[in-house]
Each structure stands twice: as structure tokens, then as C-alpha cells.
Amino acid sequence: MCNNEAKMSELLSVQSDAPAKKINLMDLTRQQMREFFKELGEKPFRADQLVKWIYHFGEDNFDNMTNINKKLREKLKAVAEIKAPEVAVEQRSADGTIKWAMQVGEQQVETVYIPEADRATLCVSSQVGCALACTFCSTAQQGFNRNLTVSEIIGQVWRASKIIGNFGVTGVRPITNVVMMGMGEPLLNVANVVPAMEIMLDDFAYGLSKRRVTLSTSGVVPALDNLSKMIDVALAISLHAPNDELRDEIVPINKKYNIKTLIDSVNRYLNVSNANHGKVTIEYVMLDHVNDGVEHAHQLAEVLKNTPCKINLIPWNPFPEAPYAKSSNTRIDRFQKTLMEYDFTVIIRKTRGDDIDAACGQLAGDVIDRTKRTAMKRQFGQNIGVTEVN
């Protein structure tokens, strides 16, 4: 049985065991939705129509889908629904950035819209909280509760698109790029992140270019090695340190997959990817007198000498009780210039949305149950949240 058929059988078996529970069509890729319609005794092309209604037109009411006959609409209403996360809180920054706290069950995750002159980027969450315990990140301090479902991930894009609306009417630039850089580690939720990204790329849905969908990871190497077999999207690596001793401290997953292991995996991905223009994005948060010295820049250049990349230097964004300080502009500039001497492309990322705690590393959401992270920490020590991928 193929993966799509297995998925549909699982969904439909749940449906038969619990008739009151409807299938959320946002949990299905277009191919899975075609299988769903076949199970209903309908033509598979109906899936193409549904996907276009849901994502192109932002429609979640079957009655408004005028090219679908009434009998089928009634059948769909009986067994299916179209349900995206609702906005619990919206905050708007003076610089145009918008942060939404999206309600997912009893918890909330955060989604950030970042408009620029020539594009608009949506930063999407993949988990409720995060289990990786990076010491400089607010999300990690909230603990971990669970993975988001496909509908909770793609639903963030749907909800944001619905709010932003038509550029000609609202004056707000439509979403052109999606980055999986919100709450959570995407490669610890591959089963739901990949289908959500497939919907982003689908021409019947959002039709984004693979170069405009970026997955950011702290380095879950087995999942990264498998990623290219599942989907081709742009890749960003949350590196943040140039040596294992320091990275073990601030990005604890490094104890499981060290820098060399991670960079080797990145190079393998680049060898088969068409989405990255031959380069990976390296993310490096600047922590005052921790990882921002000239010696660190030289070490980073050595680590990346055989990896085509561009380097984003990210001014650290404070959060309560954090043990760090923000690097001075002088230290960041010196770090950049040192790397540029090695002919790297180095960009100092402009901080956006920090007045509403929407900047990099500040997303926290509302993680009610932290017991899972505590239990995982007891079992694995600092290597929490690491799942082997076959």
C-alpha cells in the first residue's frame, strides 16, 4: 500500500470508529485528497477543485464552492471540515511586522508576518514549544508540548493570508516567502512539516517557488539526510557557534550531532538540491563576548571553507532572565569584516518586530504542559528531543 493510501485508510478508519469526528481537509495534500475523494466514490479531480477553493480563494465554507454540485457539498459537510487555527492575539509593530498568537487546541503558537519593500515573509511554527533547549532562545525556555499537525502548520499560512487579504484592497503586501523558523524544530516533526510544505509548493494551492520556502534546522542530521528524498526546499542552518565546545553549551543537540557531522550532511543536501542556488544559509546569533570575537570568525571561516553558503549574523534579541547580552555594533561589524576577508557573503540581519517580541529567538507562545520536556530531559540529559529517522 502506498503512503497516500495508508494515510487515507488511517483517516477513514478513525472516521468509522468515531463518526462524530470529521476529517480536516487541511491535513491532506492534494494527492491524499484525491484518495479521499476516491474513497467517497467521487472523481479524483474534485480534489483539485477543493484545494484551489481552500488556498487560492481562502474558502472554508463548502456552500460557497459554486463549481461543486449540491449533493457533493452535502456529502462533504457530513464527513469533512476545513479548519485552520484561529487568532487568539494580534500585535502590530511600528515597523509593519505583525505577530499572531494562533490557538492550537489548548495551547498557542506564534506566527510572524514580516513585510519588506520587495517581498513579505511569513515565519511559521512547527511545534508547540521546543525541546532542543538552545540557551539563547526564548521558545526553548517555554518547554515542549507536542508537534503541530499538517492543518495547524499550513493553517497558519491560510489564516495569515486571509487576514492580509488582497494587496490592492488592504495595502498590505501578500506573502511571497515562508520560513519554517517559528517555534519548534521542523526536523523533529517531519511527518507533518513536509506535507505542509508540499501544499505551499502546490500550484493548485499557494504555488510558492521551492526557493521561497525555507526550512531552518539546528541539525537533526538523520532527518536532514532524508529530507532531500521527500522534498526540495531552501535550507538554513542554525549554527551559532564555530567549535564543538561552545556549540555543545548553547545548542545542546550538538552533543548528538557535532559540527562536522552536520556540515557533512548539509553538503550532501546541497549536492542534490535545486532550491538553494547552490548555497545554504548559515544563521549565527551574536552573543556579546560569547561567540562574537575575531577568533570565532576565523574558526567559522575554517568550518565553512568547503560549504557554499551565505552567513546571516543575527543581533541577539533579549528575553527575561536570559544569561546573555547583545553584541555591540562594533563587535558585529568586526566579525562581519573578518568573514568577508575570506570572501563569504555576510549579511547583518535587520531586527524586525522586537517591540512586540516577534524578533528572532523571542517567540514563546503559550505552552501549558511542560511535563514531556522534563521527562525527556531526565531520560536523555541535554540531548532532549532527538528522534532517530530511519
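Backbone N, Cα and C atoms are what each Cβ position is placed from, and that goes for glycine too.
Record note: Swiss-Prot gives Gly184, Glu185, Ser238, Leu239, His240, Asn317 as S-adenosyl-L-methionine-binding, and the candidate from Ser161, Ser209, Ser216, Ser328 in that site is Ser216.
Counted within 10 Å of its Cβ, the other Cβ atoms near Ser216 (S-adenosyl-L-methionine binding site) come to 20, all protein chains included. With all protein chains in the displayed structure included, the most crowded Cβ environment within 10 Å among the recorded positions Glu110, Glu185 is that of Glu185. Using a 10 angstroms CA-CA radius around Cys137 ([4Fe-4S] cluster binding site), the recorded positions that qualify from Cys123, Gly184, Ser216, Leu239, His240, Asn317 are Asn317. Summarised as a single figure, the pLDDT of the domain 'Radical SAM core' (116-355) averages 93.
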